[in-house]
Every structure is written in C-alpha cells, then in structure tokens.
Amino acid sequence: MAWISLRIDARDDNAELLSDTLMELGALSASIEDANAETPDEQPIFGEPGDPPPGIWQQNVVTALLDESADLDSLLEELSAATGITDFRYSTETIAEQDWVRATQSQFEPIRIRDDLWIVPSWHDAPNPDGLNIVLDPGLAFGTGSHPTTHLCLSWLADTVKPDTSVLDYGCGSGILAIAARKLGAGKVVGVDIDAQAIQSSVYNADQNQVDASFYLASDLPGGQFDIVVANILSSALSVLAPALARAARSGGRIALSGILREQADQVSAIYQEWFEMDAPVFMDSWVLLTGSRR
C-alpha cells in the first residue's frame, strides 16, 4: 500500500482552515509546519508563560496524508469550494509502504557534541562505548538534543561542571542537561518543568542513563541555591523568570541561558545584569548562549 503526501503553501490566516478542511474531506492526517523550519529564517513562536498560544507561523506548509486512491483533482476542487481559496501552490509525493519504526529510527544518528560527549538514540550502539554517552529515546516528546541551543548548553556544562557541584536545570524537558551534568560529575542535580509529561520523560531518560537526579514540577520545587543554574527555554520565559533564577543561584554561582535568538540577546542580558556579571555571548547559527556569574 502507498500514500500520497500533499503539501500546500499557506499563510498564517488560512493554514488552520486548510488543515481542518482537509481532514473533513477525508485526509488520513494533516499537520502545519513552519515553511522556513531548519533554515536561518525559522520563526520561533514566543509567548509569555500562562498566556494563550500566540498563533502559528507567518509562512506555513500544510501537509496532508491521503490514500493512494484519492482523486487529487476532485479533492483540490472541493477544498477550494469549501475554503474560498483558489490560488493553491502545492506539491505531491508518493510514499511507499515501509517499516515505519525502522524508517523513523534511521533518521536519528548519534550526535557528537564535543570530545567524547555524545547524544545516542536508545536503539543505537554508542560510537565510543567509553565516552560520555547520553542515551535518549527520540520517540518521546521534548526534543532529540539536536537543536543548536542544546549543543551550546551541553558544551558549556562540559567546561563548567566540577566534581560535586550542584546543578539546577530549569525547563528540563527531556532531562538531557540534567543527565549530562550528572554524568559530568555534578553532585546534586535537580530538574524542573511546568509540564508533567516533561517530568515523566526526564525520569525515564535518567533511568535509561542510570543517573541519580531529582525532577519536580515548578510548583513543587523545594527551596535552595545551586552552584550552576541552566535554563534552555523561551526568551520570554527567561525574562519573566529572571528574579527566580537569580534567587536559585548562590553567590559566585554560574548561570547559562539559551533558547534566545541573536536579536533577543541584548534585551535578555540587560535584565540579568541586575544580579549577574554577564559574559560575552556565544553564538551558534541564529541562536545565543548567555552566561554569567552571580554577584
């Protein structure tokens, strides 16, 4: 059996309409993606914590999966009639039957961060069994560790973590930074997130890596200060959380902030200068790592 993948260019004001209508017309699935994803023009969507979702991207691709027997011309006519959109720009691709689990796994290879620090999919042999290998299951939510901000934070941790230092990973997601800190020799390691599924993912991944770390929902986080605070989250959230992250860092402690675009770096850095002596920013592609020392 085969399928047809239909990709339609869409604006921010019609992408959801197209996606919903395609499902009503019998599509097996429909999704919306940033048309500029994984390019320098990628458009992150930011919103203040607690605010409603700010919307979708300005330029989108709506992808629908259709049965191979679908009459594409008739479908597009019905789609146009139902939405009032007549100027579709689209492309199609035939997708053959295959072992989807194996196909998905083949997309993820071990990622070398630096030296012998690796991110290794759980089903893959480690390129260096004696290296510092962080085992992740990319089938879980909260990322695979391939994003530039993850690279920036992991490389910084490798330079900064000393034996028995305490580390707070705020916005732990998959737990990758907390797990790395523990494997790099940190003592007390705590991860925190606002999403219960992130906590479950972090606990699972920590168990996979046989490391001892504690994970809490933000509302349940015990008090205390840390030698190192790292937060790889949205820049808007970093701005709001600055006082809390400053309280979590002991005097002389270190902080690392990412999830920040180049054009947002000055604004975020200025906020944290109230509590930290900020270092020169480090860049990777269009992303920034900000670090500093607690006064």
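Think of each number as a place in line: the chain as shown, counted from 1.
In case you wondered, yes, glycine gets a Cβ from its N, Cα and C as well.
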Further binder of S-adenosyl-L-methionine named by Swiss-Prot next to GLY171, ASP193, ASN232, taken from the candidates THR150, THR160, THR291: THR150
Intrachain C-beta neighbours of ASN232 (S-adenosyl-L-methionine binding site), sequence separation six or more, cut-off 8 angstroms: THR149, THR150, CYS153, GLY171, GLY173, LEU177, LEU257, SER258, GLY259
Largest tally of Cβ atoms lying within 10 Å of a Cβ, found at which of the binding-site residues GLY171, ASP193: ASP193
Pairwise C-alpha maximum, in angstrom, for the residues (THR150, GLY171, ASP193, ASN232) that bind S-adenosyl-L-methionine according to the record: 16
